[in-house]
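Undergrad: Provided herewith is a single structure, encoded as structure tokens, for subsequent inquiry.
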Amino acid sequence: MFKTYSKSFACILFCIFNIFVVSASAIDLDEATRTVVTDSSGNTTVLTPEQVKRGKRLFNATCGACHTGGITKTNPNVGLDPEALSLATPRRDNISALVDYLKNPTTYDGLESIAEIHPSIKSADIYPRMRSLTDEDLYSIAGHIMLQPKIVAEKWGGGKIYF
């Protein structure tokens, strides 16, 4: 009988612990942190907490295999860090540019389409995970990419010394 009560008590304690710890460990980012550049004119927007969560989930599911931690496994010289995004042609350091890239990816110099070798909406028949993504999904993914340098700083795109 003691075993039954002790197991029940342990289970209840575990559940109570999870309620408080899990809710406290959810990332609560302030508006300043969630503010990201939306276009090449420098306009900004504040991502909602839902967009932040959705962007992270979608990025991990569709992009994370090759871009864990903001690196590019197939080309370590080109990452998703702010400097690399700003030096690309066209610049990809804002949400609308990243959404455009996710629809029609080009080489770093912008001269050739790489839709056949890089997942995109244009190549959804080759990369099925891209098939069901909406514009809002792409916006959330781009928001995640823009937000990460503010959260993990130099680790984002920092390479294998961090990840």
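Each residue, glycine too, has its Cβ placed from N, Cα and C.
Just lifted these from Swiss-Prot, have a look:
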- 1-26: signal peptide (SIGNAL)
- C63, C66, H67, M130: heme c binding site (BINDING)
Undergrad: Find the longest CA to CA distance in the recorded heme c-binding set C63, C66, H67, M130; express it in Å as a whole number.
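TA: This binding site's residues have a maximal Cα-Cα distance of 15 Å.
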Undergrad: Three-state secondary structure of C63 (heme c binding site) from DSSP?
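TA: The three-state answer is coil.
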Undergrad: Can you name every residue in this chain, apart from C63, C66, H67, M130, with its Cβ inside 8 Å of the center of the Cβ atoms of the recorded heme c site?
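TA: Here the nearby residues are F59, T62, G64, A65, P119.
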Undergrad: Count the Cβ atoms, other than its own, that fall within 10 Å of the Cβ of M130 (heme c binding site), considering every protein chain shown.
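TA: Total other Cβ atoms inside 10 Å, all chains included: 21.
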Undergrad: Given the binding-site residues C63, C66, which one's Cβ is surrounded by the fewest other Cβ atoms within 10 Å?
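TA: Selected from the binding-site residues C63, C66 on minimum Cβ neighbours within 10 Å: C66.
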Undergrad: Within 10 Å of the Cβ of H67 (heme c binding site), how many other Cβ atoms can you find? Include all protein chains, please.
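TA: 18, counting other Cβ atoms within 10 Å of H67 (heme c binding site).
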